[in-house]
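Note sheet for the following structure.
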Amino acid sequence: MDISPARIWREKPFSYRLEVLECPKCKRRYVGNVEECPKCGAKLERKRLPRKGRVIAWTKVVQVPEFAEDFAPLYIGLIELEDGSRVVAKLVDVVEPSDGMEVEAVLRRVRVDGQTGLIEYALCFRPIL
Amino acid sequence: MVYVCGAKVYPVGRHYDKSVVDMALEVSGPLVRECGEPEAIVFATYLSPFQEDFDNHAQLFAEYLGTDAEVYTVASGDGSGGAAISLGEKLVKAGYKRVLVVGSDKTNDFHSKHAVEQLTTLIAPYERYYGTTYSSVHALAARLYMKRFNLSREELSQWAVVMHSNAIDVPHAQLRFPVKIEKVCSSNVISEPLRLLDAHPFSDGAAAVMLTSESSPVELRTASASSKLTVANRDLTFMDSTYKAMKKLGVDGVDAVEVHDAFSIAGLIALESLGLAERGKAIELLNERPKEINPSGGLKARGHPIGATGVYQVAEGFSAITEGLGRLGKVSSFLTHSTNLMGASTYLTYLKEV
Amino acid sequence: MVGISGWGAYVPMYRVKGEDIAEHWGADPTTCHSLGVPEKSVAGPEEDSVTMAWEASQNAIARAQIDPSKIGMVFIGSESKPYAVKPSATILADALGIAPHTMAVDAEFACRAGSEGLRHALSMVDHGTVEAALIIGSDTAQGAPGDVLEYTAASGAAAFVVSKENVVAKLIDATTYVSDTPDFWRRDGSPYPRHGEGFTGEPAYFHHLVSAIKELMERNNITPNDVTYFVPHQPNARFPLKLAKMLKFPKEKVLPGLTTAKIGNTYNASAFMGMTRVLDIAKPGDIILMAPFGSGAGADAYLFEVTDRIEEVKELAPPTDAYLDRKIYIDYGMYLRFRNKIKKLVR
């Protein structure tokens, strides 16, 4: 696996800060870097999702992709944030997650490109302290 | 009208000695000789660029097939095969006399952990970088479904039991041995609550179907729809795109169905999204009509050569109508269900005896 | 009035026991106890000095009640940078919403790099060059397998926001004392540091700290009686108590900030971590003497006076004890895996 400098750079708003694009007119949301709402044409606005939420469903992933072997087992959660929006993200610092568990976003490593490549950081979720 | 005049499948399994193009040629050569030269080729594949470090399969395939037909590659994730059939149908409707739809794909050239990693490319970047896998998306769906509909681990295991027993009499199937519920329930965990025997095997294979405007024994119709790729934005216990595609298709009853059961849970959800079972009741349908649901053994037991799977399903439907398929025997109508990442898109194909 | 307006700590939840380490190297199982460090914190596989710094900073920013974009300097001191070349400070500035109009510094001075940043920050904020600064000490400290450092080299981070507004600990004075003293070093490209064992004590730790602290106390005409808490650098739990004795500080003034006794030496976060715990319990009017040290060698001594605001902001982030008490024990094998000490396939 190669981690591309350009990709992790352009994905920062979401991966570092949970920033999404929201259409002021039709309220549709996008993750990425587009200028106009593809649906209604209004200029999209950056909006930061809440850092806290609760686990709706989770899975302990044992058969992990090669790049995630150092992190195995992985806990992947479907999380409902305080404003009702949902994300799928990694759960960290968990021993046994539970449905309804309250979680908050924390910055962690999610991929490491060998011994010489880039390190990819992203917000993951862990039980509220 | 669009018809199927012939279909061929390559045994699903581990084919270290065959490339994606080799397998495609093995099934397409005889089919073209039998049905005649196509005017267009639609080639479905998904993982082969990662597996073979080559991504121009359709062109090489056409060269070796010795044709000057126009060539298109279709990649719609694990629904590529279904998408290719759907496009093939539209080309015939647009006026082509014969269109060859071929699906060929590999997952076994590397260690399986590579295939696991390559399959994560189906998932949206912002959900994928954590290491979210194909299996974990299905696992989340299983958690939600089992909780909502009170489905037990043993009930879920019944899917694999039925699929394995259906595959026994299907010569091209990959896993032609029976399994017991206890064995499914105690197989290795892949992504909780899903276990190894809930999952599709890693498969290599190719299937080809010749579509034509000339009257043939089997008539074909497709309907497709898309929904959301982003996992967080879906109701994971239902495939919206399947529901929408089925409405477009407008078919009431079918004799048999092949659904896209990459993991057991997806099979149950597919049956309900197709409207063949009430929500939460697919397990009852499975127990009532085991031979009519995935008579090939499905992705679970026939195998899942990712981008080729949808073409296999249609070839199997053609066999079921023309000569009979496994335990099912001969039927007169058949529905196939191919999806991209558990229902982000659905490609349905309805086959009917003429 | 310039000073600390926000403080925050972070400690990973994993712990490995010193006795477990000793067992694997055939060492005396009482070694860790004689160092006063029965167990140490270990960063998880998805953690590094940047991720730990991020959380400590979040906590500090929350207590400072400052808009992150007002911060004009991000300064991180670490000897376990994820990249040899590529700043950690810009990752943090971006992820914390501080970038782009800010200075961003990664500094190295063994365990004292973060403290060098604190001295810069206090001066630059006082001078008006920047409105506020974020200072972080963060380390996933390295100790070579089998080396005595392995009992104490721990993981953690501590951060401070320095500003003139919202101050909770007003700076009274600060001093620094440095010299070329080769007590502990790591050559470029080497994964683990080496050290002079006993030489790290008298000529290094004790000489530099005593010199900086004496100058501070003389200059401000104070005695240990005037100080509520004494928080020196803490490579183990023994050195700080010996230092306190030399300077005539009673044990009771050292123990509240002696976090190394619970989690080990977090290098750049060592004295800082103790300081965060002391701020968690401090009362308005308390006087705190914090004295970080870094090998190579240098020491700083700071005198702070706690303000009334402290009571209003303690609850705005988890106290340091919440991190110290949150723990899961891992065995030595898991520790080796987490800290990437197992020879794996190279890709």
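From the backbone N, Cα and C atoms, a Cβ is placed for every residue, glycine too.
Those TrEMBL annotations? Automatic predictions, nothing curated.
Features of the protein shown, as given by TrEMBL:
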type	residues	note
BINDING	C:D28, C:C111, C:T152, C:T200, C:H233, C:K242, C:N265, C:S295	(3S)-3-hydroxy-3-methylglutaryl-CoA binding site
ACT_SITE	C:E79	active site, proton donor/acceptor
ACT_SITE	C:C111	active site, acyl-thioester intermediate
DOMAIN	C:217-305	domain 'Beta-ketoacyl-[acyl-carrier-protein] synthase III C-terminal'
ACT_SITE	C:H233	active site, proton donor/acceptor
BINDING	C:R238	CoA binding site
Those binding-site residues listed as C:H233, C:R238, and which of them has the most Cβ atoms within 10 Å of its own Cβ:
C:H233
For C:E79 (active site, proton donor/acceptor) and C:C111 ((3S)-3-hydroxy-3-methylglutaryl-CoA binding site), determine the Cα separation and express it in whole Å.
7
If one measures from the C-alpha of C:R238 (CoA binding site) to the C-alpha of C:C111 ((3S)-3-hydroxy-3-methylglutaryl-CoA binding site), what distance in angstrom results, rounded to a whole number?
17
Would you pick out, from the binding-site residues C:T152, C:T200, C:N265, C:S295, the residue whose Cβ has the largest number of other Cβ atoms within 10 Å?
C:N265
Got a sec? Which of these recorded positions, C:D28, C:E79, has the most Cβ atoms within 10 Å?
C:E79
Mapped DSSP class for C:N265 ((3S)-3-hydroxy-3-methylglutaryl-CoA binding site), helix or strand or coil:
strand
How many neighbouring Cβ atoms, not counting its own, are there within 10 Å of the Cβ of C:C111 ((3S)-3-hydroxy-3-methylglutaryl-CoA binding site)?
32
Far apart in sequence but close in space: which same-chain residues, 6 or more away, have a Cβ under 8 Å from C:K242 ((3S)-3-hydroxy-3-methylglutaryl-CoA binding site)?
C:F206
Model confidence over the domain 'Beta-ketoacyl-[acyl-carrier-protein] synthase III C-terminal' (C:217-305), averaged pLDDT:
98
